[in-house]
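Below you'll find the structure, written out as structure tokens, and then a few comments.
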Amino acid sequence: TTELFPDVSPEHTFFEYIQDLAENKIISGFGDGTFRPDEYVTRAQMTKFVANGFGFISLDDSCKLFPDIREKHTFYSYATTLKCKGIVSGYPDGKFGPDDPLTRGQAMKFVVVGSRVAKGNEDFLPLLQNNVFPDVPQTHTFYENIHAAYSHSIVNGYPNGEFGPDDQITRGQMAKMISNGRAKINEDLGL
């Protein structure tokens, strides 16, 4: 397989997932041709991963917008589309925090809910396994999303058995989660 990004060699942990998304025109990387798989993802960047990854092609900004993402923001259309579809809701103060780092727990919410909306089935990716990760108690905000994603092999934890729900997520990790989420949808459709 030909490398599509000079900074993602076939030996990279997330090579196959990054290649999958690039070949399917889900991601394109940066203007300099790099993907930067080890850089952290912002909440705004995540909206593009999810919107493109789950086929939300018709961008929608008909619902009440986030006050901290204006129309000129690079990810405005993606963030508002996901809000209109009920995938993102923002913080309690109504803001989205587009430049805030995305955590692994937050990413699981966006991937699981995005998959369900794309599938048109809120019961898609049901929670099958509980209490897998010692650092994700049932009281954790993203407990259900993390365990639903784990139950369907969209994500796994660290080698030490923990998930790291509050750790920042990298672009490579996000590519894996989106690629695996898309595969689950296609598998369910018999594609």
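Glycine is no exception: its Cβ is also placed from the backbone N, Cα and C atoms.
Those TrEMBL annotations? Automatic predictions, nothing curated.
Residues annotated as domain 'SLH' in TrEMBL: 1-64 (among others).
According to TrEMBL, the domain 'SLH' annotation covers 65-125 (among others).
Residues annotated as domain 'SLH' in TrEMBL: 129-191 (among others). The predicted model assigns the domain 'SLH' (129-191) a mean pLDDT of 92.
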Within the domain 'SLH' (65-125), how many residues are helix, strand or coil going by DSSP? 25 helix, 2 strand, 34 coil
